[in-house]
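Inspection log for the structure reproduced underneath, given as structure tokens.
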Amino acid sequence: MDQNQHLDKTAEAQSSENKKTRHCNGLKMFLAALALSFIAKALGAVVMKSSIIHIERRFEISSSLVGFIDGSFEIGNLLVIVFVSYFGSKLHRPKLIGIGCFIMGIGGVLTALPHFFMGYYRYSKEINIDSSENSTSTLSTCLSNQIVSHNRTSPEIVGKGCVKESGSYMWMYVFMGNMLRGIGETPIVPLGLSYMDDFAKEGYSSLYLGILNAIAMIGPIIGFTLGSLFSKMYVDIGSVDLSTVRITPNDSRWVGAWWLNFLVSGLFSIISSIPFFFLPQTPNKPQKERKASLSLPVLETNDGKSQTANLTSRGKNITKNVTGFFRSFKSILTNPLYVVFVLLTVLQISSYIGGFTYVFKYVEQEYGQPSSKTNVLLGIVTLPIFASGMFLGGYIIKKFKLNPIGIAKFSFFTAVMSLFFYLLYFFILCENKSVAGLTMTYDGNNPVTSHRDVPLSYCNSDCNCDESQWEPVCGNNGITYISPCLAGCKSSSGNKKSIVFHNCSCLEVTGLQNRNYSAHLGECPRSDACITKFYFFVAIQVLNLFFSALGGTSYFMLMVKIVQPELKSLALGFHSMVIRALGGILAPIYFGALIDTTCMKWSSNSCGTRGSCRIYNSTLFSKVYLGLSSVLRVSSLVLYIILIYAMKKKFQEKDTNASENGSVMDEANLESLNNNKHFVPSAGADSETHY
């Protein structure tokens, strides 16, 4: 008998040990698959941000409109986020995440499709991509412009060209593809984090979250590397003779092979969805056992009454779930700590989203660096530091076992340090670009107060130039001119990218002596001092991103600490919804709208409508871009102080109530002992007798 009991205990111990091992392995497999989906999600986000500048130019749209396209990701997410967060936790979470990754991949592929249906990219109104003529013949100089003026496009031809360029409305496919990506990305974070928190050991959630966020940085590294590679490739690579393309990646009209980015990220997302379809609903129960347990009630149902009862029960459960949803929703909205936290993160993350959306444009306009170089530096240099900050933030919270107030203080400290380094950007700005006809007079001697309607000079007033044209040339006096004609150039030599224009009359009045008054194709490069400031910008960016990442993990941990445990999934989902609505959708739009106000020269298509911006007032651009982000960050710090104060007050009240309840109970117990002390000896006697 004893031997049988011993065998039963041994079997139970082995079974328990097997369950623990199975649980551990199941959770590890889920975390590995979740890490892959985090990489795919981050890759898609970076691909979109790094391609924005090319999408804007390819479809001839403004920064505010391309910001709206960027926000379509969040619009798609908003359509399903709350319901996925609430009802998804009651369903098969791994499979829902897998379906989301697959949809996210389809969205990436759809975003790239317009490239295959549009015509060749026309970076100039006068260029003919299909022509094999020497490209210099299409560039009008001062002498040849009289002929050009007699051969300008008639309104009828303009109308026909307008019909041909209706392909520019194909940005709607980019919008819809990006929206699909948003719908697919929805279940990854709320369901993935709630699943991890439900089945991870106590105290390990913050560590796992830090590891996941650190691994996710592989996605941006890949994205920035691919972005750098593809942005160097011409958009119509494989379709046109690249020797006929006279612009370079440094030109403000250059469009890289943006569509390749989305094809790669889309396919990677589809691949990342596969593991989730083979994972069980809970890590401690294999898929076969789960299916068997689900099929048993069906086998035991022998009559129609049982089936009717099951359907009635399901209907009641659905009604109960809906009622519970609205009750839970009301609970988090009436939580003042949660509401303040949501508001401050909206301001802070709006600053991050708006800044990151236009960082490539900012670097290009302020420091004259192409997006390919910015991609490399942001991906290779700054992102490993960002990943280290994410991991270190989770480790610090776990190591020092910070309570909710400690987590809030830690997050506030990281936000202050990030703002400090961000403000240093104002001290490393370059001078405004010298552009004749926009920032100074055409003779290059005097600055102008406004770039609008700058009068022609005597050096080019007789050339009959097309002032809407944008074919920038750099004079050997260091000044950029809008076109060879407006520079007063009489002749040209060379071909393709090495065209040089000679006898430029507007260069003669800038004080040059004993030199040839010539200009070469393209804008004038930034000075060496400005390029040096760019490397200071990268160094400060590293420190700024490190402290931003250091507090990144604390966002999620703080959020789940200030709501009831059963509401954490809904709280995460609603927080994500608000961030996407007020940050992800609106921030790129109002950042882009303000940036558009700093544009000095717009392109125009054959319809005569405004296209994308060719050149900005770099000084005003920097003040708008950096200033708006700084205001948002400072406002969030004010709310941080309010949050910490409110948390201290609430927890002090809890401690006071707990101590009062404890003292009341002690007094009650003491009174009970005094009233019943005559029972103690008999109790003791009874105990001794029993013993």
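Even glycines carry a Cβ here, placed using N, Cα and C.
Positions annotated as compositional bias 'Basic and acidic residues' by TrEMBL: 1-11. The feature domain 'Major facilitator superfamily (MFS) profile' is assigned by TrEMBL to 30-647. The domain 'Kazal-like' annotation in TrEMBL covers 453-508. According to TrEMBL, the region 'Disordered' annotation covers 1-20. As annotated by TrEMBL, transmembrane segment applies to 29-48, 68-89, 96-117, 207-230, 258-279, 337-356, 376-397, 409-428, 534-558, 570-595, 624-646.
Under 8 Å from some Cβ of the transmembrane segment (96-117) lie the Cβ atoms of residues 33-34, 37, 40-41, 44, 47, 76, 84, 88, 167, 170-171, 173-174, 176-188, 191-192, 235, 258-263, 265-277, all in the same chain and six or more residues away from its ends. Taken through DSSP, the domain 'Kazal-like' (453-508) splits into 7 helix, 11 strand, 38 coil. Residues of the same chain lying 6 or more positions beyond the ends of the transmembrane segment (534-558) and with a Cβ under 8 Å from any Cβ of it are 193, 205-206, 209-210, 213, 341, 345, 352, 363, 367, 369, 377-378, 381-383, 385-390, 392-394, 396-397, 404, 407-408, 410-411, 413-415, 417-418, 421-422, 424-425, 428, 572. In this chain, the transmembrane segment (68-89) lies apart from the transmembrane segment (624-646): fewer than three C-beta pairs between them fall below 8 angstroms, excluding pairs fewer than 6 positions apart. Of the two recorded stretches, the transmembrane segment (258-279) does not lie close to the transmembrane segment (624-646), with fewer than three CB pairs under 8 Å once pairs fewer than 6 apart in sequence are set aside.
Within the chain carrying the transmembrane segment (29-48), a Cβ under 8 angstroms from the stretch's Cβ atoms is held by residues 70, 73, 94, 97, 101, 104-105, 108, 178, 181, 185, 188, 192, 195-196, 208, 211-213, 215-220, 222-224, 226-227, 261-262, 264-266, 268-269, 272-273, 275-276, 279, 283, 379, all 6 or more beyond its ends. Between the transmembrane segment (409-428) and the transmembrane segment (624-646) there are at least 3 Cβ pairs closer than 8 Å, counting only pairs 6 or more residues apart in sequence, which means the two stretches are in contact. Outside the transmembrane segment (570-595) by six or more residues, the chain places 62-68, 70-71, 73-75, 77-78, 81-82, 84-86, 182, 189-190, 193-194, 325, 328-329, 332, 338, 341-342, 345-346, 349-351, 353-355, 357-358, 361, 556, 559-560, 563, 616, 621, 624-625, 628 with a CB less than 8 A from a CB of the stretch. Mean pLDDT for the domain 'Kazal-like' (453-508) in this predicted model: 85.
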